[in-house]
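Visitor: This is the structure, below, for whatever I ask next.
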Amino acid sequence: SSGIMGLATLVLVTTFLATFQSGAEGEGLSYDFYAKSCPPLEDIVRATLQNIFLTDPTTPAALLRLMFHDCQVQGCDASILLDQGSGNLAPEMASSRNSAIQKREAINAIKTMTETACPGQVSCADIVILAAREAVSMSGGPLIRVPLGRRDSKISNYRLADASLPHPNTGVNDMLNIFAKKGMTIEETVAILGAHTLGVTHCFNVLDRLNRMQGGAGSSGDIDGGFLLFLRLTCPPMSLISNTSFVANDPSMFTFDNQYYAMAMGGRGVLRIDAEMASDPRTARIMSHFSMNQDAFFRAFSSAFVKLSTSGVLTRNQGVIRRTCNLLD
């Protein structure tokens, strides 16, 4: 009977892995998509970014944010890179939600290298995903295996960005709904927001939260009194510097780690969502677990990253492969 149970277990595990692989790859995506058409792709991405990261340590956070803002609008299709809008409308970069987006030129630099090695083969959308993957890995996070085969959109519309990208004051309910539509569990949603561990938050994204709070706590969740004072001094209301000043998301803002969760659990979450997730009964236990177990955070983040990167993408005969990422050519 033990042999039969062992066989049954093997069948279950094999079935699970096959289902996971199929689900992660999605329609038209695969883990070896460029094995024949562009074998050196991942090496090109890594080598190009290593040089950029050495000269500007803020690049990993910028590339991760770039991926999020691209994928949230109409799937990961590199539409955020287009300088030209659809019809008479301005492109996605004209949206105020994209005002802090940087390093689009880094994607173009990688694209130039891939076009030299593998002309007309690699989409800008896949480069965005690989660049974000390297941003996480090179900053100390997990190396995430991602399926490829996305194609680029011909459409970029600032109104879609306005409607799709979360507001800085988005709360737990709305955030859980947003990522549930990408197929994420609550744990994966908490994990994907751990991307805040890299980089900074600009003051104009904090001011509304500060204005709503009175005393030591407010509608944005509990906050440490000393940290609240720090935020108010760093981001004073009615100040012109709010467009250029910023707050580090956690003390190790250049390292992908679990310090974001430790900060939030200690009442030092910068954004409303950071603070609310630390106290909301649906997310607080997960936040606490991630704050103490970095490996658990890395595993959940990797799963969430793959789900986000494969949701609603263009594949096969859909879309195009742009020769220059910011132009429809």
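Glycine residues also receive a Cβ, built from the backbone N, Cα and C atoms like all the rest.
TrEMBL labels come from automatic prediction, so no person has curated them.
Values in this document were obtained by computation on a predicted structure and should not be read as measured data.
According to TrEMBL, the protein has these features:
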- Arg65: site 'Transition state stabilizer' (SITE)
- Asp70, Val73, Gly75, Asp77, Ser79: Ca(2+) 1 binding site (BINDING)
- Pro166: substrate binding site (BINDING)
- His196: heme b binding site (BINDING)
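Context for these features, please: burial, neighbours, distances.
Guide: All protein chains shown were included, and the count of other CB atoms within 10 Å of the CB of Asp70 (Ca(2+) 1 binding site) stands at 29.
Long-range neighbours of Pro166 (substrate binding site) (same chain, six or more residues apart, CB within less than 8 Å of its CB): Gln72, Asp174, Met175, Ile178.
Cβ neighbour count for His196 (heme b binding site): 24 (other Cβ atoms within 10 Å of its Cβ, all protein chains included).
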Visitor: Given the binding-site residues Asp70, Val73, Gly75, Asp77, Ser79, find the one whose Cα is closest in space to the Cα of His196 (heme b binding site).
Guide: Asp70
Visitor: About how far apart, in whole Å, are the alpha carbons (Cα) of Arg65 (site 'Transition state stabilizer') and Ser79 (Ca(2+) 1 binding site)?
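Guide: With the alpha carbons as reference points, the distance is 14 Å.
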Visitor: Suppose we draw a 10 Å sphere around the Cβ of Ser79 (Ca(2+) 1 binding site). How many other Cβ atoms does it contain, all chains included?
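Guide: 29, counting other Cβ atoms within 10 Å of Ser79 (Ca(2+) 1 binding site).
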Visitor: Inside 8 A of the center formed by the CB atoms of Asp70, Val73, Gly75, Asp77, Ser79, which other residues of the chain have their CB, for the recorded Ca(2+) 1 site?
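Guide: My list of surrounding residues reads Cys71, Gln72, Gln74, Cys76, Ala78, Ile80, Glu92, Ala125, Ser153.
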